[in-house]
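Written below as structure tokens is the structure these notes are about.
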């Protein structure tokens, strides 16, 4: 099989196999070909990963931050040097076209490692003067962390979680999605090649039961999950039993508001990026596109032209712009949402069908005349299906944009920057864009509010989620006791 790794797991600095675990077939979604076969982590594999991580963490935390930074920077350089082959593997694992994976996946992971390498040596505490006494604070690592990844950006997510954890002196056991398990193994190999001591980044494969075993282990201090809201609820509850630190980056049903003074081509381009990039399988997608009534029909006409011109096909073809969904199960789910939208009265503007057999393809799809009550406007589809809703006033757009249990992201397109800032100040979302969409530089915090999650990834804000503060009171005089 063309993408078979050396072993299913990577523990304590080397590949580890245990073929008694349940098989995990890895399917290339463009063709249905089985490209690798892994095995689920057994209790022995899980124990080895947790034990080696706990054992290695103390010495790593004691290392000078600048030395930790050098290792992470070398890992970043190695990723960039091997970006082409890593991107090819990402395409086979996910079905995303090379046109995307070459610029968006491992490249973002390398950025994260480099950014947190630079941040590690400058994370400091503070001094609080109290007369002749004083208090100083120390930012300390949490200890052993568990990362649980999603299948849509498997390698990027692994890097986004590993980079701050390792830079700040923690160890991590990472469980990728069983749907896209290959990239995390490569990251583990790269980190060892860069000089990371064994045990600090371990990878174990498996489904929900493996994740549950990791999350509930008494040695684990922190859990970081990227996934769906139902999965997040379960993991959050399990982590709470041990009063563990958590970061949850969950689902979204994000609004993209287009006012009638917006640059139409830019707004349409953003709506397409926010619905069709990665075949629509992005948590922050702006899947509720609110368009002011005066420009709605012009917006839809031009959108249909551009959507129909998207090149679909073999993800390994560098000219292809959109690949398949990640799996047959996801394809069936998305097609069911399309049929539901038809049944509930949505006006199909373009797409709406499965495409390019035998892979898991669906056409870029746009529904107009969508109302807030329709399923398409309320539930996360996670496929290339855009809902276009119209509005009249700014106040109406804000109220309807916020009328959701999600709060991951939002976007505003307008030529009036005063209005843009006024609107985003009222949007209930963790990440907002003005005249742009779905750009997530590692220098900026990323995360949601409401059911879209807690905590933040990336930026300086991530430091708070992988460290804890110790306060030290220093008495400079005799103790004055009343007895």
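Glycine is no exception: its Cβ is also placed from the backbone N, Cα and C atoms.
Per Swiss-Prot, active site, charge relay system is recorded for 161, 457, and the stated evidence type is sequence analysis. According to Swiss-Prot, the feature active site, proton acceptor maps to 249. The active site, nucleophile annotation in Swiss-Prot covers 283. The annotation K(+) 1 binding site is assigned in Swiss-Prot to 27, 93, 179. The NAD(+) binding site annotation in Swiss-Prot covers 149, 150, 151, 175, 176, 177, 178, 228, 229, 230, 231, 251, 283, 380 and rests on sequence analysis. Look at Swiss-Prot and you will find 243, 450, 453 tagged as K(+) 2 binding site. Annotation source Swiss-Prot lists cysteine sulfenic acid (-SOH) at 283.
Here the candidates are the recorded positions 27, 179, 249, 283. The one whose C-alpha lies nearest to that of residue 151 (NAD(+) binding site) is 179.
Per Cα geometry, 229 is the residue among the recorded positions 161, 179, 229 nearest to residue 283 (active site, nucleophile). Listed in sequence order, the residues of the same chain lying 6 or more apart from residue 453 (K(+) 2 binding site) and placing their CB within less than 8 Å of its CB are 232, 247, 248, 249, 250, 408, 430, 447. In the structure shown, the C-beta of 93 has more C-beta neighbours within 10 angstroms than that of any other entry among the recorded positions 93, 249, 457. Using CA atoms as reference points, the recorded positions 161, 176, 229, 231, 450 were checked against residue 93 (K(+) 1 binding site), and the closest is 176. Across the structure, residue 176 (NAD(+) binding site) and residue 243 (K(+) 2 binding site) place their CA atoms 23 angstrom apart.
Between the CA atoms of residue 179 (K(+) 1 binding site) and residue 457 (active site, charge relay system) there is a gap of 23 Å, rounded to the nearest whole number. Cβ atoms within 8 Å of the centroid of the Cβ atoms of 27, 93, 179 (the K(+) 1 site) belong to the same-chain residues 26, 28, 29, 94, 95, 151, 180, 181, 182, 326, 327, site residues excluded.
For the binding-site residues given as 27, 229, the lowest number of other CB atoms within 10 Å of the residue's CB is seen at 229.
Candidate binding-site residues: 27, 243, 450. Nearest to residue 231 (NAD(+) binding site) by Cα distance: 450. Nearest neighbour of residue 149 (NAD(+) binding site) by Cα distance, taken over the recorded positions 27, 243, 457: 457. Residue 27 (K(+) 1 binding site) has 178 as its nearest neighbour among the recorded positions 161, 178, 243, 450, 457, going by CA to CA distance. Counting in whole angstrom, residue 243 (K(+) 2 binding site) lies 20 from residue 457 (active site, charge relay system) by their C-alpha atoms. Highest Cβ count within 10 Å among the binding-site residues 151, 176: 176. Looking at 243, 450, the binding-site residues in this record, the fewest other C-beta atoms within 10 angstroms of the C-beta turn up around 243.
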